[in-house]
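Novice: So that we are looking at the same thing, I have put the structure below in structure tokens.
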């Protein structure tokens, strides 16, 4: 059709969202299906890569079928208690978020497909809900009706090819009929669907709050029961900071707590500034890795030449009697092995100097640094005003952590439950509380600046991959893209989502590093802070900025900032296609690729070119670390998108449901069979998830209130306001009443469960045995272990 003055007769198939969606879906499906096929094949070929945790003794992981597809059903049928035992409490909470998302999106998708989409089709002529939020002219109300469109097309004026003349139709045709529409603040003619939008805003919001609070209760009960059965050192230990100088000694601090009569103390560890010890340990670790590398080369050379290797008595350990002899006696080896020993140059990065035996060189270095560490243990290190106190009772630790003990310093004594000993960032215990306070705010400011600065490349990409911009900057390329429907569809769907997927994949590592610089006491805290930073980055750059910058009108917007609200309200529904394409690519295309572990597989072949085969294989067989700071923000952001578009464009709910189903299966397999989660946050991650979901619900409600206001339906906007208040109050209630149960363990559960014998579950490997609260430089428990693994040949 030629007539498009009101945008209602445009039949260009290249501008059909469903056509673009089909292209994106089939591209993502091809990518995901190929990844699934390769995984099913590689899983049988390289079991040590795709299920490395099955080789660890004592885990007792459930066995999956060896067939190509039956393993998927076995994975689905693994019960929650087994998942909790195998993946840990944090892994269980992570998967529960996906289960909650599946439950919510199933309900919302049902509403969207059965009710909202037909409503959009009837009132707007578009089932996908690509509506304009701003208030159109009355003539646009008229022409937006499907019945009026049909009558105009059949009219002789249009049939004869004449231009449409409003005057010919008569001004009376545009007078709205009806009493309610004449009342200021109520929907205008053609906007009756807004009443249903308000109703479904209530339905979706209330159901989201229901699944959030029901999941919170489930997690709280499981967490209380799970932790109450434990009797580990971690569960009986508190971390205290802000100690004055007179309490920075073991005797005085113990006497102080004995005077308070809060409970019997089992052990006490004063934190000191062990910076010098950390330097020595870092050097020792470097020498051990070098020695392991060259020993592997030596074993490989011996195998090639058919020479027997040295006996296991040449393992190096600082406590062995051999170290009492001189380095020359220790490093003496039979002459026939000299030709197998690798040689290195020690001057100027290994470029100049005489070649010497690498094993002898680094063995001497290791011996020397071990002696330095032994001597450094007798040094007197300054205290840092912090300490770990382990009580004999878990209940005592829980009470002390929730009690205001004293105000000995300006900020008072601060007591909290201690992280696991193997999760502590010891170098952050060297700095005082004021230093941590200012350092934390400085990193927060840096994060804020990075998020804002990142809007420049994100906004530029959003503009330059727009067809209007391409036509203006490169007319020939723009015409070529217009003439090729498939290329046009790729530009509108696959290319933008692929580019932004790369941004989404890179940013988590930056924000995890920033969190590590914040001075936090444990890696678990760093993970939680990384989740918040990355989520804020995704919200600002991939929601707000893309909605604004995804139009060539951004330059006009910069000149007239007063039109920001009107422009944002108009742009939001028009970006629904991009977000649907993003969810399709991430869920159907990218999630299956995670199972293949292309990064680990490619790094293995690259490492084999530079390091011995044994070292590459050892890295290849080691389970990767599962980081919630990297994997959690994106699903929370996808849930935010689904919430905001749940009523405007309900089709997004269907693909959001697919995203969460595939993500649940992928992460369930990874947490049980592929990855370790060494952090120990004991399920406190749920508080972060809960508040971000409330934030998404508030954004959705504000969007719907803006829709009503910009359509001049002010009364309907005020109807949504009580729901907004109820949602905010729910978040406040969570923070004041429920959040404590996500941080502490109730005395009732402790008394009930610890009166019985500890179950085997609490003795499992997944209970995250923490060791003792001693700096690694003073921990003698690992001294008898060989420094290098000579069995890797």
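The backbone N, Cα and C atoms fix where each Cβ goes, glycine too.
According to Swiss-Prot, the region 'Disordered' annotation covers 759-778. Among the features that Swiss-Prot reports, topological domain 'Lumenal' is placed at 1-21, 117-192, 466-493, 556-577, 668-687, 735-793. What Swiss-Prot lists as topological domain 'Cytoplasmic' is 43-95, 214-444, 515-534, 599-646, 709-713. According to Swiss-Prot, the feature transmembrane segment maps to 22-42, 96-116, 193-213, 445-465, 494-514, 535-555, 578-598, 647-667, 688-708, 714-734, an assignment based on sequence analysis.
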Novice: Count the Cβ pairs between the transmembrane segment (22-42) and the transmembrane segment (578-598) that lie under 8 angstroms and are 6 or more residues apart in sequence, then report whether there are at least 3.
Specialist: yes
Novice: Would you mind splitting the topological domain 'Cytoplasmic' (43-95) into helix, strand and coil residue counts from DSSP?
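Specialist: Breakdown, helix to coil: 34 helix, 0 strand, 19 coil.
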Novice: Per DSSP, what is the residue count of the topological domain 'Cytoplasmic' (515-534) in each of helix, strand and coil?
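Specialist: Per-class counts: 14 helix, 1 strand, 5 coil.
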Novice: Within the topological domain 'Lumenal' (735-793) only, compute the mean pLDDT.
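Specialist: The answer is 64, the mean pLDDT of the model over that range.
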Novice: Residues of the same chain, at least six outside the topological domain 'Cytoplasmic' (515-534), with any C-beta under 8 angstroms of its C-beta?
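Specialist: Non-local partners: 90, 239, 419-420, 423-425, 428-429, 431, 435-436, 439-440, 443-444, 447, 507-508, 627-630, 632-633, 636, 678-681, 684-685, 688.
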Novice: Looking only at residues six or more beyond either end of the transmembrane segment (714-734), which have a C-beta under 8 A from one in the stretch?
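Specialist: Tertiary neighbours of the transmembrane segment (714-734) are 184-187, 194-195, 197-198, 201-202, 205, 209, 213, 216, 687, 690-691, 694, 697-698, 701-702, 704-706, 708.
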Novice: In the same chain, which residue numbers or ranges, 6 or more beyond the ends of the transmembrane segment (688-708), come under 8 angstroms Cβ to Cβ?
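Specialist: Cβ under 8 Å, 6 or more out: 93, 97, 133, 194, 197-198, 201, 204-205, 208-209, 212, 216, 528, 531-532, 535, 565, 569, 572, 632, 636, 639-640, 643-644, 646-648, 714, 716-717, 720-721, 723-724, 727-728, 730-731, 734-735.
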